[in-house]
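Enquirer: The structure is given below, and queries will be raised subsequently.
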Amino acid sequence: FQQLTCCWRTGLKVNSHFIFYQNPTVISFPSGPELIPPGACKSLNSSAIYANNEVNLAEVDIYGFDYDYTLALYSNTLNKMIFDKAKTFLIEHFKYPEGIAKYDYIPNFAVRGLHYDIQKVVFFKTYLYISTEVLELHGGTYHIPLTEDSGFYGKGPKVKQFMDIFSIPEMTLLAVANDFFITNDIEYDPVHLFKDISEAIGMVHLKGFMYKWVMQDLDKLIQRGEETDAVLHRLVSNGKKLFLITNSPFSFVDKGMKHMVGKNWREFFDVVIVQADKPHFFTDCIKPFRRLDDNGDLRWEKIKSLDKGQIYKQGNLFDFLRLTGWRGSKVLYFGDHLYSDLADLMLRHGWRTAAIVPELEQETKVVSTYRYALSLTWLQALTGLMEQLQIHRDQESKEVFREWQEEREEAMIKNFFNPQFGSIFRTCHNPTYFSRRLSRFSDIYMASLSCLLNYDPTYNFFPRRTPLQHEAPLWMDQLCTGCVKTSYMEEMSHIR
């Protein structure tokens with residue numbers, strides 16, 4: 001790379017294969033393994049835990065969990081079922097045109113963290129919430145080149161961000177419904193469409209369809225339950241206290257936990273709270289706890305303590321803290337929704353937080369491939385060359401710079417991930433808004449709860465020290481977090 005950054009001074013042009021003078025002299029450009037730095041990571045472990053802040057598990061005495069997509073991971077089949085049912089509600093309940101029924105679920109259309117401009121009818125991925133750099137636009141199911149749009153996308157009541165995994169079928173239904181109206185040249189109000197689809201998706205949950213589907217086919221729709229069982233056993237055997245706070249109803253949680261852990265699953269938890277109404281649970285100080293009896297019926301007694309083996313409904317975090325005394329950094333809470341599960345706990349109450357990001361599993365596999373490493377290395381090298389060349393204002397240098405700029409724009413690496421929107425963690429070159437929120441609201445993050453099985457219960461997680469923009473890159477020889485092998489890898493393999 002140092003050789004490359006010096007070469008352009010003598011009138012060199014660069015493309016992906018060669019550096020060459022204006023005369024016939026040709027200098028070979030390194031390709032294949034020679035291009036990739038020797039220290040580049042080639043074997044990321046998708047079961048690693050990544051740290052945004054230092055977390056010492058030896059100091060954590062209490063572990064808290066959300067249920068959906070934390071203790072229980074669902075098959076992608078569930079997204080299709082939600083999409084199909086909400087589409088039926090849209091047509092039958094809200095009287096939308098029958099033509100929308102012809103659209104099938106598109107499994108890989110949307111990713112988490114997208115913003116949606118309700119008025120302009122476009123999905124976009126950005127790296128700041130108020131940003132003039134919009135990386136991808138999709139109106140309906142088709143791509144809109146950025147050159148055809150000059151609008152400003154920022155914060156406001158007409159912009160919605162989709163942050164949880166359950167939002168994937170909602171985004172897909174929005175896309176196909178808009179596509180129907182646009183391609184058939186039918187005038188409609190996109191604000192009404194957005195609200196009706198949001199309500200149709202909500203009806204799938206509120207009317208209990210999702211709960212019924214999962215309870216009727218636990219083997220098909222709940223994945224890797226044996227790993228959740230192993231995590232709970234590990235924590236309890238090491239003397240940790242556990243609690244569960246979920247928005248799901250008890251009958252649904254009970255059936256799923258019995259499937260994953262066994263009929264005595266409640267013995268693992270010191271406190272179980274269902275239908276908690278998060279995120280209001282973390283901010284409201286009015287709603288009292290109510291106890292459920294063994295039949296799931298509400299009791300009327302005043303709650304003076306939260307007892308092991310009992311099931312509680314609603315409540316609020318302030319009463320929870322008062323009754324349990326579980327405060328500060330000795331509590332580590334796991335959840336999949338950065339806002340509903342984690343934000344208030346970290347910012348207002350000082351708990352440690354852990355984000356479950358199932359997309360990590362596929363993304364780490366992609367970034368470990370040779371093709372990705374080669375493309376990323378060349379992109380970085382080309383960026384460095386452009387940074388140096390731009391100080392030269394002669395015509396030939398400007399022409400070379402334009403050629404490199406075109407090549408840099410063509411060297412997009414998003415296609416290695418979701419074909420429409422790329423990685424959920426990066427735009428072209430910057431962290432996405434989702435990624436920034438992940439760094440802000442979670443101390444550690446991982447693909448699934450089972451990643452805990454790779455680490456000793458006293459393990460200390462350290463964030464990698466990466467150089468700031470004004471610092472020299474002195475840490476290139478550090479091992480990547482995901483490449484470090486731990487003594488529990490074999491146990492993890494056995495459980496799987």
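Keep in mind that glycine also has a Cβ here, set from the backbone N, Cα and C atoms.
Where the annotation comes from TrEMBL, it is an automatic prediction and has not been curated.
From a predicted model like this one, the values you see are computed outputs, not experimental measurements.
Feature list, courtesy of TrEMBL:
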type	residues	note
BINDING	Asp66, Asp336	Mg(2+) binding site
ACT_SITE	Asp66	active site, nucleophile
BINDING	Asp68	GMP binding site
ACT_SITE	Asp68	active site, proton donor
Enquirer: Measure the Cβ-based neighbour count of Asp336 (Mg(2+) binding site), defined as the other Cβ atoms within 10 Å of its Cβ.
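Expert: I get 23 for this one.
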Enquirer: Can you give me the same-chain residues 6 or more apart in sequence from Asp68 (GMP binding site) with a CB-CB distance under 8 Å?
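Expert: Asp68 (GMP binding site) has long-range Cβ partners Tyr74, Phe166, Thr246, Asn247, Ser248, Asp336.
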Enquirer: Over all shown protein chains, what is the count of other CB atoms within 10 A of the CB belonging to Asp66 (Mg(2+) binding site)?
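Expert: I count 24 other Cβ atoms within 10 Å of it.
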